[in-house]
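Participant: Pulled from TrEMBL, these are the listed features:
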DOMAIN    9-216  domain 'YjeF N-terminal'
BINDING   57-61, 131-137, 142, 160, 261, 330, 381, 448  (6S)-NADPHX binding site
BINDING   58, 127, 163  K(+) binding site
DOMAIN    226-507  domain 'YjeF C-terminal'
BINDING   418, 419, 420, 421, 422, 447  AMP binding site
Ligand SMILES: NC(=O)C1=CN([C@@H]2O[C@H](COP(=O)(O)OP(=O)(O)OC[C@H]3O[C@@H](n4cnc5c(N)ncnc54)[C@H](OP(=O)(O)O)[C@@H]3O)[C@@H](O)[C@H]2O)[C@H](O)CC1
Ligand SMILES: [K+]
């Protein structure tokens, strides 16, 4: 499933209409039909519905939905915000069809008090005020209508996008606070960027019949990771496999103040399929880490002040014995820069996380792909991405797609920008959005587990992007599985590792 900007969606619509020949009237009718079917499956027999309609085609969808609900005998009050002469084109055609079927509506202008009364009696609000055609700051009376709806605290179902939010997700969000949003054909960027994502409530996608050819012609390179894509791309371990063939992983992690990060990364990596795992850790934490990671082997390094000594590393290890390396979790910044630097000439896969990202930010150009033979994968959270790009966290959050893409293309790296909707970007700029996971992942250690799964999966998959998509999906769905028995407050990173094997099995079948 593709993810689009409002502008791209308009381009896709135009191709569908002009080149494929599906008319806008038909698409709007389809949108209304599928929305109505969905709504009927959600509502009670005595539901009191109020529909708010705006000037554009989102409002046009509102006329179709209202007509179809009234045809089914539902209790529906329809409020139209602009004067009738402002409703043009296809929306106007569907307004006329609505009227010719014998239905009427109220005008907002001058009857605001009555609208408020109707709203107070309603049990469900359908928001068909504004869609992807919004430009610039919200104009009145839409701001007033939206405030009224939000303050009524009703169940609000938005058509396509919550009215009033910028569909590119790049401006301050002020719009409808929906309980659910039924988006048409493809999710929009604003559903995965902040703060606009918070307006959506639960996001669902309705297929209104726009062919995939229209998306391909528009050259859309953003997709959602789905259970299907994961199932199709999770590799199967060959019968004649052995531990060396299943991937030799090296994890460089941990310090006296963060020994658990090494344990979590290593154990997650093993659970994600690595055949052999070596942990490079400072000598002072070896006993404690070894007691909690039975299957790991160890490269024990001299330590200085609780972390790996700056002198210990270069001749202690032969990177070329490994198929992939993850560096960073719990490493500490103080002494680990020389160690980080020795990894740059290594020709295998390198996953950089946490304190490794801090070192990377000091010498970014050295890590551009043409300076390295192997692929570089970075796993920043928004704060780390802000550090790497010299932007503010808010700027990163509002422009997650653009910031990741620009960074991945400039440095020719794979970027896994973590967050409630983790985005994976390839060096070519293809993007994949993850929707699994929940608030329980906002806890120390869950990032270390992800790094471990990523390294484990990288060694099992032929395609780097499949490995990253599947790792992020599985990490999230493991947290979702834990919610069947636990509360978001109580999940700890170790729970993720313990549950991963069951989830991995069901993701495959
Ligand atoms: N393929 C599909 O997904 C289909 C989607 N459909 C629906 O169509 C909308 C997009 O329709 P569009 O007409 O382009 O846009 P809007 O419904 O958002 O309305 C635009 C009008 O809103 C007014 N406007 C613009 N900016 C503002 C603002 N800042 N504040 C207030 N009002 C604003 C303006 O009207 P004026 O009269 O004021 O000029 C715009 O004309 C999409 O979201 C889907 O819901 C179709 O059903 C077909 C298939
Ligand atoms: K809307």
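Backbone N, Cα and C atoms are what each Cβ position is placed from, and that goes for glycine too.
Note: TrEMBL annotation is automatic and uncurated.
Could you give the neighbours, burial and distances for every feature on this list?
Facilitator: Along the domain 'YjeF N-terminal' (9-216), the predicted structure has mean pLDDT 94.
Its own atom aside, the Cβ of residue 60 ((6S)-NADPHX binding site) has 32 Cβ atoms within 10 angstroms in the protein chains shown.
For residue 163 (K(+) binding site), the same-chain residues 6+ apart in sequence whose C-beta sits under 8 angstroms from its C-beta are 52, 54, 58, 127, 128, 129, 130, 131, 134, 142, 146, 175, 176.
Sequence-distant neighbours of residue 422 (AMP binding site): residues of the same chain at least 6 apart with a C-beta under 8 Å from its C-beta are 416, 433, 434, 437, 472, 476.
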Participant: Do any of the binding-site residues 127, 142, 422 touch ligand 1, in the sense that the CB is under 6 Å from one of its atoms?
Facilitator: 142
Participant: DSSP secondary structure for residue 127 (K(+) binding site), reduced to helix/strand/coil, please.
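Facilitator: Assignment for residue 127 (K(+) binding site) reads strand.
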Participant: Taking just the CA atoms, what is the gap between residue 330 ((6S)-NADPHX binding site) and residue 418 (AMP binding site) in Å?
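Facilitator: Cα of residue 330 ((6S)-NADPHX binding site) to Cα of residue 418 (AMP binding site) measures 17 Å after rounding.
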Participant: Under DSSP, is residue 420 (AMP binding site) helix, strand or coil?
Facilitator: coil
Participant: By CA-CA distance, flag whichever of 57, 60, 132, 135 among the binding-site residues is nearest to residue 418 (AMP binding site).
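Facilitator: Result: the closest of the binding-site residues to residue 418 (AMP binding site) is 132.
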